[in-house]
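Listed in TrEMBL for this protein:
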CARBOHYD  ARG146  N-linked glycosylation site
SITE      ARG146  site 'Required for activity'
SITE      ARG153  site 'Required for activity'
Amino acid sequence: MASAALKDELDIVIPTIRNLDFLEMWRPFFEQYHLIIVQDGDPSKTIKVPDGFDYELYNRNDINKILGPRSSCISFKDSACRCFGYMVSKKKYIYTIDDDCFVAKDPSGKDINALEQHIKNLLCPSTPNFFNTLYDPFREGADYVRGYPFSLREGVPTAVSHGLWLNIPDYDAPTQLVKPLERNTRYVDMVLTIPKGTLFPMCGMNLAFDRELIGPAMYFGLMGDGQPIGRYDDMWAGWCCKVICDHLGLGIKTGLPYIYHSKASNPFVNLKKEYLGIFWQEEIIPFFQSHNFSKDCTTVQKCYVELSKQVKEKLGKVDPYFLKLADAMVTWIEAWDMLNPPNKDSANASSK
């Protein structure tokens, strides 16, 4: 078997409440990688993983033991718990996928190696400062078009690769209710950089990122059990990551690769989880759009802690939930630094 790209530099993080039979389909693409499985829900339940995979599994008891009181920042009974896997990983790159995501086929009928495409996206620069009308100039058969400034052609490091889905689209509950039978069959062969200053809805079910560049900002918030909101975990992480990437000169790509999203969740259950978020979003988006970091924010951690203070001050007026979320953001950074002590040399370099 040929050696897989970045196999010693990438972990695959999977949140789940069920046996991971879906991995059999992914075996040709995942078997050479290390898996971090974050078990949600009842920790006494045994999750079965197919033979032949190299993995570590963490349940709620493990999370509590490792993080102690700081475990309060990790959501329970929600796929937001996946971000614990980001924290315990020691690799440079993370790919995270949901357990209802299957291997998709391209228009020729060939299985899509989603992980391989994410790696290509991450290893090539992004172009957030000037839009290229042929999309990603680093893809085969493309380049910078006439009129693209030569001074910007080097691009910036890519921090996040956001993949898409065939079959069940990632819709909110109102859209699901209006279009219950809609399926995404459109395969668009495209990767593009999301422009600087533009927010986007980040979906966590087919997502890769450079942990060293943006990891501490990939916090999926407080969702699920005991919280007034759900299904905004990846959205929150995406908005935080985007404004921090814009500030630090990093890029985010979206488009290829596709996975096959096999199962639609219940729109009525989703509506109960989302309905406050649908209202709050109208305050949250302007908050992120108008946010500016101070020049002291030279690292992701510093950006994130400063952002948490603004969340408390400005979004705390929207609902007390945001006061709790702001505190959890700080706890998350403390927990991240506890498990990933900052390198003294790099800390000194960033403070010069």
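Backbone N, Cα and C atoms are what each Cβ position is placed from, and that goes for glycine too.
Counting neighbouring Cβ atoms within 10 Å of each of the recorded positions (ARG146, ARG153), the lowest count belongs to ARG146. A separation of roughly 12 Å, to the nearest angstrom, links the Cα atoms of ARG146 (N-linked glycosylation site) and ARG153 (site 'Required for activity').
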